[in-house]
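S.K.: Just passing along the structure, written as structure tokens.
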Amino acid sequence: MMAHKLLSDVVVLISGSGSNLQSIIDNADNIGIKIQSVVSNKADAFGLERAKKAGIATQFIDHTQFATREAFDQALIQHINTLNPKLVILAGFMRILSADFINAFAGKILNIHPALLPKFKGLNTHQRAIDAHEEFAGATVHFVTNELDSGAIILQKSVAIESNDTAKSLAAKVLEQEHILYPIAIKKVLQK
Ligand code: GAR
């Protein structure tokens, strides 16, 4: 009989396609995690379908139904607190989190950002990297702190920018690397 491996509980937050979520689902055993819940602030996020297909519980929390960012974040906090996960993993979650949320899960929140931080924080990272004539684009997995895209870096992966690259072609190349990077970074954090 195989020894039963201890899995770390995690919650994943998404807003869209969830291709990074898919990579985390596909590598969950190897990472050593159990995804307790996939939470989306968008009802039509394709990542919710990916989660359901994998038999993972999903939760839609509609930010437009809350008067303030803080009220939305309280709803998120309440849901996540019922699960008491080891990590809260942001995978294409496109809402800025308030200090209350970050303090509630201090040191446990991970994010993947499509740039080589500390360069190109925020949005539209690929076009900005091209416009700045950067040689490399890439992705960064980092801890989430109160300052946007500025927490301690866990791992990065770079991609060469070719002269014919567009924001779209670059995004696709970087995303492919994100799918490799995120599972490795999560495993690294859990092994600490
Ligand atoms: C990914 O490229 C991720 O790095 C980015 O959104 C995409 C989500 O794709 N995240 C951010 O820009 C966070 N500010 P996915 O839904 O297919 O994983």
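Using the three backbone atoms N, Cα and C, a Cβ is placed for every residue, glycine included.
Please treat TrEMBL annotations as automatic predictions, because they have not gone through curation.
If you look up TrEMBL, you'll see His113 marked as active site, proton donor. According to TrEMBL, the feature N(1)-(5-phospho-beta-D-ribosyl)glycinamide binding site maps to Gly18, Ser19, Asn20. Residues or ranges marked as (6R)-10-formyltetrahydrofolate binding site in TrEMBL: Arg69, Met94, Arg95, Ile96, Leu97, Asn111. The domain 'Formyl transferase N-terminal' annotation in TrEMBL covers 10-185. TrEMBL lists Asp149 with the feature site 'Raises pKa of active site His'.
Mind running through what each feature is packed against?
M.R.: In the three-state DSSP reading, His113 (active site, proton donor) counts as strand. The Cβ of His113 (active site, proton donor) has 23 neighbouring Cβ atoms from other residues within 10 Å, across all protein chains displayed.
In the three-state DSSP assignment, the secondary structure recorded for Ser19 (N(1)-(5-phospho-beta-D-ribosyl)glycinamide binding site) is helix. Around Ser19 (N(1)-(5-phospho-beta-D-ribosyl)glycinamide binding site), a 10 Å sphere centred on its CB holds 18 further CB atoms from the protein chains shown.
Mapped onto three states, the DSSP output places Ile96 ((6R)-10-formyltetrahydrofolate binding site) in coil.
Mean pLDDT, taken over the domain 'Formyl transferase N-terminal' (10-185), works out to 98 on the 0 to 100 scale.
Sequence-distant contacts of Asp149 (site 'Raises pKa of active site His'), defined as residues of its own chain at least six apart whose C-beta falls under 8 angstroms from its C-beta, comprise Asn111, His113, Leu117, Pro118, Lys121, Gly122, His142.
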S.K.: What three-state secondary structure does DSSP assign to Asp149 (site 'Raises pKa of active site His')?
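M.R.: In the DSSP reduction, Asp149 (site 'Raises pKa of active site His') maps to coil.
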S.K.: Which residues, same chain and not among Gly18, Ser19, Asn20, have a CB within 8 angstroms of the centroid of the CB atoms at the recorded N(1)-(5-phospho-beta-D-ribosyl)glycinamide site?
M.R.: Ile14, Gly16, Ser17, Leu21, Gln22, Ser23, Ile24, Gly47, Arg50, Ala91, Gly92, His179
